[in-house]
């Protein structure tokens with residue numbers, strides 16, 4: 001069988017780059033395969049994707065050497081339009097992909113370019129939307145849809161092209177756990193029904209394993225470091241060495257010093273149940289549960305908070321909660337559960353009645369957004385939505401200039417914030433020279449100049465690979481030790497388990513759980529109601545058959561925190 005995608009000793013160097021971004025790339029993908037190309041940020045995986053769909057060299061100029069064939073043809077000698085008939089692409093930023101004002105108009109875009117007659121076009125659009133379960137949304141605006149629904153509409157648009165290859169660029173970015181699983185099941189169904197070749201660019205290995213991949217291609221610093229089956233990749237210990245995360249249950253097995261005797265450790269069900277049970281019980285006997293719970297001062301208190309948008313049902317109903325100094329709290333729930341509404345109510349965007357929001361015992365209901373912003377800072381998910389200045393130092397100084405603070409004070413506070421955030425060496429850099437992770441830290445530095453007591457972070461680790469995720473969260477923990485409190489709005493269960501002191505779960509505007517993350521995320525009924533999913537570590541513990549899985553989870557993460565000095 002001839003490969004449908006073929007790279008042989010391929011190199012590519014961007015026009016203004018000093019050296020090649022990808023070097024000596026050789027691999028083959030065959031028709032009908034499901035392949036994951038994984039690597040941390042800047043590894044070169046997106047460059048390979050752009051070579052496949054023609055964005056290189058037609059949108060991104062540079063020099064290439066070696067051989068590349070897509071469906072037997074050299075893509076460098078074809079137009080992007082010609083390549084789109086062979087390779088359909090779904091971008092990470094779904095909003096950037098939409099053309100039409102309605103769902104059906106967007107799905108019809110390719111057919112309009114092909115001058116398909118209207119009757120045939122309507123039939124194909126309807127069939128494509130039915131294939132992905134979105135036919136009832138055909139008159140809606142794409143921008144009214146959730147992240148998962150946008151992904152699904154984009155896929156429907158690709159199905160109208162009959163392209164034999166589908167290329168997904170980080171398809172799970174910004175999706176809640178339920179939407180992620182839906183997207184994966186959708187891709188599996190499309191593959192099963194139409195035998196499409198599936199290529200996925202992603203750094204989250206654990207979630208993508210649900211796709212039943214044929215092989216994984218690992219790339220690091222522009223070079224391929226491994227091509228193998230998921231089973232062999234996970235048994236090789238290579239993922240941590242290139243800054244990628246192993247499934248949490250495999251991390252757990254290593255922490256428990258489990259000896260697999262070279263048995264296959266993936267999938268989880270292949271493990272020997274009695275051996276797992278034995279090693280977990282032995283580990284628990286050695287560990288004493290010693291949770292240090294010093295008395296902390298209450299910083300924020302919310303009493304009877306309710307909020308309704310115009311002409312809609314209540315978005316929040318009778319919410320009561322407290323946040324303590326230096327505490328990190330994960331705010332969890334499905335899309336539409338009320339997480340963002342709660343955050344907007346705390347910072348004053350949403351005006352509430354008959355409720356009390358207290359900071360250090362003072363009711364701030366009458367405070368303006370600006371005054372609240374001096375105590376409670378809100379950091380958006382996408383740093384590009386917050387950054388307005390051209391250099392790092394200008395961005396961090398901007399708020400202080402608006403407050404007419406003296407030049408000496410501005411310089412001192414801005415430089416101090418940059419030092420705390422590890423950005424002082426880059427203070428004179430242009431913003432566009434920063435990485436995504438550095439921009440995230442810059443947004444934190446900007447709010448730190450106001451000396452806030454509470455920082456709300458919307459999806460703090462979205463778009464960051466595991467290496468930068470660890471760096472960023474280590475930085476957040478240091479700030480928490482200084483007494484700053486944090487609320488994370490997140491879909492990342494691993495983040496909540498590892499870093500949050502507490503997890504609060506919202507469902508239909510109400511709090512349905514408020515406890516340590518290990519207890520909350522080990523409660524099946526809560527997970528089901530809130531469209532959250534079990535961690536693979538909890539699945540492993542349940543699989544072992546031990547009497548109290550929740551106790552193990554609490555002990556396990558307590559042990560990690562003590563080791564890290566938390």
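Cβ from N, Cα, C; glycine included.
Quantities reported herein were computed from a predicted structural model and do not represent experimental measurements.
For reference, Swiss-Prot has these:
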- 5-246: domain 'ABC transporter 1' (DOMAIN)
- 39, 40, 41, 42, 43, 44, 45, 46: ATP 1 binding site (BINDING)
- 300-533: domain 'ABC transporter 2' (DOMAIN)
- 333, 334, 335, 336, 337, 338, 339, 340: ATP 2 binding site (BINDING)
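Long-range neighbours of residue 333 (ATP 2 binding site) (same chain, six or more residues apart, CB within less than 8 Å of its CB): 339, 505, 506, 507, 530, 531, 532. Take the CB of residue 40 (ATP 1 binding site) and look out to 10 A: across all protein chains shown you find 20 other CB atoms. Confidence annotation: the domain 'ABC transporter 1' (5-246) carries a mean pLDDT of 91 in the model.
Highlighted in sequence order, 203, 219, 220, 465 have their Cβ within 8 Å of the centre of the Cβ atoms of 39, 40, 41, 42, 43, 44, 45, 46, the residues recorded for ATP 1, and are not part of that set. Across the structure, residue 45 (ATP 1 binding site) and residue 335 (ATP 2 binding site) place their CA atoms 29 angstrom apart. With respect to residue 334 (ATP 2 binding site), the closest of these binding-site residues in Cα terms is 40, chosen from 40, 42, 44, 46. Each residue in 341, 506 lies on the same chain as 333, 334, 335, 336, 337, 338, 339, 340 and has a C-beta within 8 Å of the C-beta centroid of that ATP 2 site, without being one of the site residues. Annotated pair residue 46 (ATP 1 binding site) and residue 340 (ATP 2 binding site), C-alpha to C-alpha distance, rounded: 31 Å. Here residue 336 (ATP 2 binding site) comes close to 146: these same-chain residues lie at least six apart in sequence, with C-beta atoms under 8 angstroms from its C-beta. Taking the binding-site residues 39, 42, 44, 338 in turn, the residue surrounded by the fewest other Cβ atoms inside 10 Å of its Cβ turns out to be 42.
Mapped onto three states, the DSSP output places residue 340 (ATP 2 binding site) in helix. Among the binding-site residues 337, 338, 340, not one has a Cα within 10 Å of the Cα of residue 43 (ATP 1 binding site). Ranked by Cα separation from residue 340 (ATP 2 binding site), the binding-site residues 39, 41, 42, 44 are led by 41.
When the Cα atoms are compared, residue 44 (ATP 1 binding site) and residue 335 (ATP 2 binding site) turn out to be 32 Å apart.
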